[in-house]
Amino acid sequence: MTTRYIFVTGGVVSSLGKGIAAASLAAILEARGLNVTIMKLDPYINLDPGTMSPTQHGEVFVTEDGAETDLDLGHYERFIRTKMNRRNNFTTGRIYEEVLRKERRGDYLGATIQVIPHITNAIKEKVLEGGEGHDVAIVEIGGTVGDIESLPFLESIRQLGVELGRDRTLFMHLTLVPFLGAAGEVKTKPTQHSVKELRSIGIAPDVLVCRGDRAIPSNEKAKISLFCNVEERAVISLKDVDSIYKIPALLKAQGLDDLVTKRFGLECREADLSEWENVIYQEANPTGEVTIGMVGKYTELPDAYKSVNEALKHAGLFNRVSVNIKYIDSQNIEAKGTEVLEGLDGILVPGGFGERGVEGKIMAAQYARENNLPYFGICLGMQVALIEFARHVAGLENAHSTEFNKDTPHPVVGLITEWIDEKGNIEQRHEESDLGGTMRLGAQLCHLIEGTKAAEAYKGLTCVERHRHRYEVNNTYRERLEKAGLVFSGLSTDRQLVEMIELPNHPWFVAGQFHPEFTSTPRDGQPLFQGFVAAAVAYQKRDLG
């Protein structure tokens, strides 16, 4: 199979939405029957985002094969059917590590290792490898043109443009066309300078996607075309919209997919965007609204919980309601008490690390349990629910996780030291293991118990969800907790580890050790999120009753 490559760069400012634009174009091409994948090349030195602060970088998105990747891969999976893997995201740090490892082995036969050709060749190999088996591979280059960090990536894609030729490569550049209120017009000069910068390193863009808060007038499009040496039909206006799921239709309306397929000589059907039209209709026509309190420690940056936010919205579409997310810093609960939780239709405690704010999360779980308020715990959210139950129902005073208190008399949650991964390999960890890349990661089978809310949500007795954690329920306490009324509704592949818990006499109190938000999409949703939002709707109606 001959793979075509679309390279996506950004200029003027960061955060223009390269990932959304790339994913939206991929969605249109997929709707035309093409097999599409998307890659993200990140210019930072970290090997992966796994140990980066969520408040700096946003969430870490986990792929099926256990790669800890950039949150843009979450956008990719929400827009197209193709599942991402570790080949879809790599960093400068990963490239340098591999090149240096080869140098130590002697693979370069004593050569002087340089950015060109050794680093650029390694980048090109990764790009070509990631595109194998697909009709089209869209490659997003992180950062902004002009950044020193991005230069090796830009040089690599420049070389690929020459080596593969124009019939297999296309360069798409996102840029900002700001509107100046004082002048009463949009300004194209930043775009002209950005393209000049890009051309100075040998890349001539074929398509310009011009971002702004309004559509660009046709006369300004003509001006951009003239000064940037790009066909006028290839100057695409991408204005701000109230829903990112409207962007595929916006791009299609301007003929971007036709331009791409003709450039590549691809014969394919017209794009059918009816699924996206349905998503947009559901989003615009809710029959009600529920308020979900998200209790976490990274609440100052919503992107830290990007996939959870999106999964709640998707569940809202399924239940025909809009979901209002109220971010609650768990430390505020510790300081002010549970009155900050009043007026909610449900509580969600997402994953997290570290002791800060953990008691506030435990208080949130207790509030939900005692007030019959729908509760959904994810990863740490399951562990705090179990700790709360152990303390206040099972009579295990001062029960805790050894992550937060190594001297707790009742370590109901502890460091997992050994487990069997999805390939049947035995994985082992200990207290001194590195933080990066040492967690239980990736998609794993979960056995569900018949008659539970978990089995009801998944409409079966198994599910496959993705993990990212080091700590697990301590099996020593399972029998005592079960006797107190806790149901272990999901177990690992070998049935040795607790994957899900729930309360049978509660309207909806369900928690999982895995991260179901990573598999939610706007077209299909995710069973547990759909069940949680449905329970919030029912709680609200009963409350109003």
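Just so it is clear, glycine is given a Cβ too, placed from its N, Cα and C backbone atoms.
Per Swiss-Prot, the feature active site, nucleophile maps to C379. The Cβ of C379 (active site, nucleophile) has 23 other Cβ atoms within 10 Å, all protein chains considered.
For H515 (among others), the entry in Swiss-Prot reads active site, with the evidence type sequence analysis. Sequence-distant contacts (6 or more apart, same chain, Cβ under 8 Å) of H515 (active site) comprise V62, S307, G351, I378, C379, E465, R466, H467, R468.
Cβ neighbours of E517 (active site) (same chain, under 8 Å, six or more residues apart in sequence): S307, V308, E310, A311, P350, I378, Q526, F529. Under the three-state DSSP scheme, E517 (active site) falls in the helix class. Residues annotated as active site in Swiss-Prot: E517 (among others).
According to Swiss-Prot, the feature UTP binding site maps to S14, K187, T188, K189, P190, T191, Q192, K223. Counting only same-chain residues six or more apart in sequence, the Cβ atoms lying under 8 angstroms from the Cβ of T191 (UTP binding site) belong to G11, V12, T175, L176, V177, L208, C210, I224, C228. The DSSP secondary structure for T191 (UTP binding site) is helix.
Neighbour count (other Cβ atoms within 10 Å of the Cβ, all protein chains): 15 for P190 (UTP binding site). The feature CTP binding site is assigned by Swiss-Prot to S14, D147, I148, E149, K187, T188, K189, P190, T191, Q192, K223.
S15 (ATP binding site) falls outside any helix or strand according to DSSP and counts as coil. If you look up Swiss-Prot, you'll see S15, L16, G17, K18, G19, I20, D72, K239, D240, V241 marked as ATP binding site.
For D72, E140, the entry in Swiss-Prot reads Mg(2+) binding site. Other Cβ atoms within 10 Å of the Cβ of D72 (ATP binding site), summed over all protein chains shown, number 25.
Per Swiss-Prot, L-glutamine binding site is recorded for G352, L380, G381, M382, Q383, E403, R470, and the stated evidence type is sequence analysis. A coil conformation is recorded for R470 (L-glutamine binding site) in the three-state DSSP classification, outside any helix or strand.
Each residue in the domain 'Glutamine amidotransferase type-1' (291-542) has a pLDDT score, and their mean in this model is 91. The feature domain 'Glutamine amidotransferase type-1' is assigned by Swiss-Prot to 291-542.
Here Swiss-Prot flags 1-266 as region 'Amidoligase domain'.
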Long-range Cβ environment of M382 (L-glutamine binding site), under 8 Å and at least 6 residues apart: M500, I501, A511, G512, Q513
So which one is it: of the binding-site residues D240, E403, which has the fewest other Cβ atoms within 10 Å? D240
Hey, does DSSP put E140 (Mg(2+) binding site) in a helix, a strand, or just coil? strand
What kind of secondary structure is Q383 (L-glutamine binding site) part of, going by DSSP in three states? helix
If you measure E403 (L-glutamine binding site) to D72 (ATP binding site) at Cα, how many Å is it? 30
Spatially, which candidate from the binding-site residues G19, I148, Q383, R470 is nearest to Q192 (UTP binding site), comparing Cα atoms? I148
